[in-house]
Amino acid sequence: MPEPVAEPALNGLRLNLRIVSIVMFNFASYLTIGLPLAVLPGYVHDVMGFSAFWAGLVISLQYFATLLSRPHAGRYADLLGPKKIVVFGLCGCFLSGLGYLTAGLTASLPVISLLLLCLGRVILGIGQSFAGTGSTLWGVGVVGSLHIGRVISWNGIVTYGAMAMGAPLGVVFYHWGGLQALALIIMGVALVAILLAIPRPTVKASKGKPLPFRAVLGRVWLYGMALALASAGFGVIATFITLFYDAKGWDGAAFALTLFSCAFVGTRLLFPNGINRIGGLNVAMICFSVEIIGLLLVGVATMPWMAKIGVLLAGAGFSLVFPALGVVAVKAVPQQNQGAALATYTVFMDLSLGVTGPLAGLVMSWAGVPVIYLAAAGLVAIALLLTWRLKKRPPVEIPEAASSS
């Protein structure tokens, strides 16, 4: 975790501008993820002639690589400082574009082309975990740990913005110049971000002996479990809301997803200081309550407007869960371990979103689509109870010896 430089208090606008000047590098990394997202499955299946399994695998490889590399990203951010980790991650994003470019140039050799695509996706996953984790810690180093919740919130906003922009733009670039043109755009985005990041001042890494991974996991896993349980609500809406609307015979599933995204981003923009004012655990419990109401409304909806209100509430409720619990999780370890803590905490959300789809699919095939929203509400209720117990637990003293050694 970087050592923040002591400075006079910043007003809200200047504070946000400083944060955005750093998290824009995460925006760039997620833009390189969003640009090919709507293109590659169709390219692998329809153009290259491979099965739907391979089309899905090409996309999934990035998420597996992100999941496996995220703990290493946090550890190296603590050891080397976040700026180096961000630049390393952006280089991975650049190399992923190079992989797509060479895959397009070797289209006459389908197996080679597919392997190059897969390699590019793996490199992108590693790059994203390093750029995402590093940009959060870099932002905290610039504005101070008091504002870690705001930094995490802004990182989420730029993530959603980049993904929302990237997918349609990627389709436009692909229709304009094929996979090679799309690859060059991705390489250009990453290269511009690298050139902007390199001249920026470096934030010093914290001194001190780092805790082993097992010790970090032991301090953050309960917060991670609450996050994982709450993420099930997001997972079932993002994955199955279209099937839910089809089962009901309604139109407007895409608009429901738009409502979720607007509520998610809007809540983060409307309540930037909520975590600092009333505490991360209090914010999390309020968010869980709102998310539960939203999921229950979707599950029992008999009219489209009920489902839309439910999705809106679920998006607003889930919005601040990650930063609210993340602030408390990161502060549960010494400063020199906070990068590893943030990365480890994030893994719980990655795992949750990975297993929610297939598990909810099994429940849906057995009991129907609406039941998965009621089940997700039950999981969020467990997260609420867990967070309430964490709030009642006496605070754990963080040993200073480790941070001053």
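Note that the numbers count up from 1, one per residue, in the order the chain is shown.
Heads up, the Cβ atoms here are built off N, Cα and C, so glycines get one too.
Annotated transmembrane segment per Swiss-Prot: 19-39, 47-67, 85-105, 107-127, 156-176, 178-198, 224-244, 252-272, 283-303, 309-329, 344-364, 366-386, in sequence order.
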Intrachain neighbours beyond the transmembrane segment (283-303), with Cβ under 8 angstroms and 6 or more residues off its ends: 226, 230, 233, 236-237, 241, 244, 248, 274-275, 309-321, 324-325, 370-374, 376-377, 380-381, 383-384, 387-388, 391
Intrachain residues whose Cβ lies under 8 Å of the transmembrane segment (344-364), provided they are six or more past its termini: 63, 66-67, 70-71, 74, 133, 213, 216-217, 220-221, 223-225, 227-229, 231-232, 234-236, 239-240, 243, 322, 325-326, 329-330, 371-372, 375-376
Among the ranges 19-39, 224-244, 309-329, the one whose Cβ pairs under 8 Å to the transmembrane segment (156-176) are most numerous: 19-39
Seg_contact(the transmembrane segment (366-386), the transmembrane segment (178-198)) with at least 3 CB pairs under 8 angstroms, min sep 6: no
Leading stretch by Cβ pairs under 8 Å, where the reference is the transmembrane segment (178-198) and the options are 19-39, 47-67, 85-105, 224-244, 309-329: 85-105
Stretch among 19-39, 47-67, 309-329 sharing the most Cβ pairs under 8 Å with the transmembrane segment (85-105): 19-39
